[in-house]
Amino acid sequence: MWQSIKIAISVVVTAMLLFHGCSIYVSTTSKELKKNRFLVLSMYLSLSDSALGLEFIYHNILVFMNSQGVTFQYQCLMIVHLAGGTIMSSLIQTLLICIERLNATFTIQKDILVFACSNKGVLLYFILSHCIALLRFGMATVDGPVPCDPKNTATTILLFSHDIPCLCIVVAIISCYGVVVYRMIRSQNFLQASSMTDSQVAKKKANAIRTRRNAVTLGLIIAVTLVAVLPRSMLAFYFYMGNTSAITGTLIMIINNFFILLNPVLDPVIYVLRIKKYRQYLRCKCLKKNAVSDLTNSTAVS
């Protein structure tokens, strides 16, 4: 049973890496897409999700080797904590996308929000989340090595250094998204009540439509994030309260693997379904032999 679940996870992770590989390739080779900060931050989210997939694959390899050596067990323990750091990094990336959308609702962008969503900021958050994971790994080594596939990873250390911070990030994501939606509605009402020229109104409406589409895309990403994170957080709190009798090993396996992988697997699918230019470039670069320039030229002629 456990081996079958691990094989299924490996297949899902492989498919996820292929999806994110196409996503990263399209984002990095398209000059037009690189100008869109929303899509650039989405590419960074794909990088975090890909790192999580590689960590899952490495952990599964260690499990299949089924070695009882101390070195292998410490490697498993380190990968588990590093995967937690990558999950936290992905949540921070989602929060940054929300902050970028919030900044887009202002007529003059706020410098502090621009810096928070900058490339340096993204790198800083990624390093910080993994430093926390390594510190947690160091604390866990005090108790000695554990089996490569423990039945319960909802320990007290993980609860206070991972699950609760991740839950706080999710709350911040929801709050920021709520502010974005509120400002969009207020901006739309102001547009209807203000007196502007036709060209200004048309430009304002185009920006409003683009912002609304990005907000819907972001809303789907957040919804998937909630489904992926909340079961794990509920499991951690349930174990911390001492209620362990009703939780089976299979259920723990599903929550710690399939729900966590749900977010990185569905993110590129959301990009394809929601972002038209992304679909166009994906079709040209990953599914056809046509160059992007051909698409641009045909669009210009039409």
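Glycine is no exception: its Cβ is also placed from the backbone N, Cα and C atoms.
If you check TrEMBL, you get these features:
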- 19-271: domain 'G-protein coupled receptors family 1 profile' (DOMAIN)
- 6-26: transmembrane segment (TRANSMEM)
- 38-58: transmembrane segment (TRANSMEM)
- 78-100: transmembrane segment (TRANSMEM)
- 112-137: transmembrane segment (TRANSMEM)
- 157-182: transmembrane segment (TRANSMEM)
- 215-240: transmembrane segment (TRANSMEM)
- 246-273: transmembrane segment (TRANSMEM)
For the transmembrane segment (157-182), sequence-distant contacts whose Cβ falls under 8 Å of one of its Cβ atoms, 6 or more beyond its ends: 84, 87-88, 91-92, 94-95, 98-99, 101-102, 105, 132-133, 135-136, 139-140, 215, 218-219, 222, 225-226, 229-230, 232-233, 236-237, 240
Averaged pLDDT, computed only over the residues in the domain 'G-protein coupled receptors family 1 profile' (19-271): 80
Long-range neighbours of the transmembrane segment (112-137), counting only residues six or more past its ends (CB under 8 A): 37, 41, 44, 48, 77-78, 81-82, 84-86, 88-89, 92-93, 96, 99-100, 102-103, 157-158, 161-162
